[in-house]
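Below is one structure, written out as structure tokens, with a few remarks after it.
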Amino acid sequence: MIDFRPFYQQIATTNLSDWLETLPLQLKEWETQTHGDYAKWSKIVDFLPDLHADEIDLKSAVKSDRTFPLSEGEKQRIIHHLKQLMPWRKGPYHLFGIHVDCEWRSDFKWDRVLPHLAPLQGRTILDVGCGSGYHMWRMVGEGAKMVVGIDPTELFLCQFEAVRKLLNNDRRANLIPLGIEQMQPLAAFDTVFSMGVLYHRKSPLDHLSQLKNQLVKGGELVLETLVVDGDVNTVLIPADRYAKMKNVYFIPSVAALINWLEKVGFTNVRCVDVATTTLEEQRKTDWLENESLIDFLDSNDHSKTIEGYQAPKRAVILANK
């Protein structure tokens, strides 16, 4: 099982120390309710070899390598273990010559977001809904002091720990398997990311308030979410599914989203990027057995989802507390 005690020790002397009032008990409770496959997944992490990378690049990729390459047999054993943690959704990773080609080219999103951010050097960062942690490693690559990701999905935790093991057990990033609604208001993070989460929330304004409660005064929110075309009064509430997803509740226009952020007290709210999701950014690979974007769009008109809604378009909004 994954040991969270090193993280407790890490934060004990930082401005995250108040979290120790609640977090250890929450994770003890979490351990009693884990997914039936969690024990198997965590053992796969244990089965991965302890390799030392001579070269790690988190600035332009998430990559580890060594001077003397692995043998083909060693590579195949690692691939075998990693493929038992499928589906791999967010990546890509390049680990000792193994290309983990995930469903999402999350480097595309990072390249859209990064130029607009306040410098991450020396910052304490929270990544809400972090998935398996790809963007967390890129934040470390930008010089972040500490990156904490939260995501309740046990598979993502085990994928993250597998990647960490192949990055020389780097402890500058940590994934905690909780949702933001379970976090006490810490007001301790310099930057808070919420990317690809808001539209899954039944109460989006509550989510925005929860993000605000984790920021230091003046800290930066990075919000990336689905949007639709329209004015300040435009919000899509899908009747049933959106792009085959059942858990999509509110998709606002950019203007409506800015209004929501201002309503909960954020300042300096601005949209810095809007991009339609392409078939190059989200697609099927050998590391994903499920359907992908091509299956979610109208086969005759890729400007629409299979349900007839506007195809996925994503905005990046920055704001300050």
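Glycine is treated like the rest: Cβ placed from N, Cα and C.
Cross-referencing Lys90, Lys212, Lys217 against the carboxy-S-adenosyl-L-methionine binding annotation in Swiss-Prot, which names Trp104, Lys109, Gly129, Asp151, Pro152, Thr153, Ile180, Glu181, Met195, Tyr199, Arg314, picks out Lys90. With a 10 A radius on its CB, Thr153 (carboxy-S-adenosyl-L-methionine binding site) counts 17 other CB atoms from all the protein chains.
Scoring each of the binding-site residues (Asp151, Glu181) by how many neighbouring Cβ atoms lie within 10 Å, the top position goes to Asp151.
Asp151 (carboxy-S-adenosyl-L-methionine binding site) falls within neither a helix nor a strand when secondary structure is assigned with DSSP, and so counts as coil.
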